[in-house]
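Notes to accompany the following structure.
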There are 2 protein chains.
Amino acid sequence: MNKGLLIVLSGPSGVGKGTVCAALRQKTTDLVYSVSATTRSPRPGEVDGVNYFFKTREEFERMIEQDELLEWAEYVGNYYGTPAKFVQEQLDQGKDVFLEIEVQGAMKVKQKFPDAVFIFLAPPSLAELEKRIAGRGTDDDEVIRRRMQVARDEIKLMEEYDYIVVNDQIDCACRRIMSIIEAEHCRKERIVPQLTTSLNEVL
Amino acid sequence: MNKGLLIVLSGPSGVGKGTVCAALRQKTTDLVYSVSATTRSPRPGEVDGVNYFFKTREEFERMIEQDELLEWAEYVGNYYGTPAKFVQEQLDQGKDVFLEIEVQGAMKVKQKFPDAVFIFLAPPSLAELEKRIAGRGTDDDEVIRRRMQVARDEIKLMEEYDYIVVNDQIDCACRRIMSIIEAEHCRKERIVPQLTTSLNEVL
């Protein structure tokens, strides 16, 4: 059986990763979505085990020690991480796994999974990004200022990704991401091993 | 203005390039289709200037001498080629140009346009390819035998392509090709230059 694709969607805080990911979930049925662990407090409406696994700092640090995380990072005072076992199991079963994570984490996944598909969700402009961060309404001015500084550093890492999707319209961004996944399944490196059986008289 | 993408669809004779290309034309409005020149006789229903520019050998050889062809090849006794000027003009205007050509020609285009996107349309199996070639009903046994030998040699060049689309169902093949084009527009190398304006405070 062919292994699944690991698709990593990342981008600066406030660019709309969560919104795009939620829209994508409504459109696709053949992607498995990884659920991250975090120590940050749930926002209104967020559900443990669905949006995140909400952990205490003690619980999270025990997961780090026991090497149970594919990647983890501390970001604006909180831990975020990806439980490794679930991802690997799904890939081994031939399922495509979708990771929506912070930029620091994506760079760590890249070291462990160089064959993964890295998609950077970019804001149309910095002004638009600041508007979105401020418009969220859950952060004070100091947090917004720090987030914008982090965002600038994160955008500089854009070149490390395979694809860049500008999040100008959510539907367009989703369509582009779905196209990227379909196209990656057609890449020569992935198809040739599959075709060697049916065309084995030739190859 | 950004230059357009050159998309090259190729694959063995009989795999269904023409059929897939015709279906694609009905689904997409933002691709410019290149029209090839050829010395072979029109098949029933084929129209000069639409399916091909039908040329005499003398006319075709004059185009070769005057370097008016992006690529050309002799295949089963006939010349096939792509008028270069039209393709370059469309790319310069930012339009995506779609070339449906034989495998020999695609390899020549690759030398001149290494940035083009090369898609190989593959048959599900060799048996299915032979069925399609024989089923066309316009060729005698000797032509079929020669086409199958050429097809085997062409399939060996599959690894030179960026993507492989198995032509199991025409609609699926079209959808995959459209996804590949959309994904290629999102590739980091193509997007970063476009984003430097809107994110210039950062990059």
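Each Cβ is built from the backbone N, Cα and C atoms, and glycine gets one as well.
Record features, source TrEMBL:
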type    : residues                                                               : note
BINDING : A:Gly11, A:Pro12, A:Ser13, A:Gly14, A:Val15, A:Gly16, A:Lys17, A:Gly18 : ATP binding site
DOMAIN  : A:4-182                                                                : domain 'Guanylate kinase-like'
Model confidence over the domain 'Guanylate kinase-like' (A:4-182), averaged pLDDT: 91
Residue with minimal Cβ packing [other Cβ atoms within 10 Å] among the binding-site residues A:Gly11, A:Pro12, A:Gly16: A:Gly16
Residue among binding-site residues A:Ser13, A:Gly14, A:Val15, A:Lys17, A:Gly18 with least C-beta crowding, 10 angstrom cut-off: A:Gly18
Cβ-based neighbourhood (8 Å from the centroid) of the ATP site, residues A:Gly11, A:Pro12, A:Ser13, A:Gly14, A:Val15, A:Gly16, A:Lys17, A:Gly18 excluded: A:Leu121, A:Pro123, A:Leu129, A:Arg132, A:Asn167
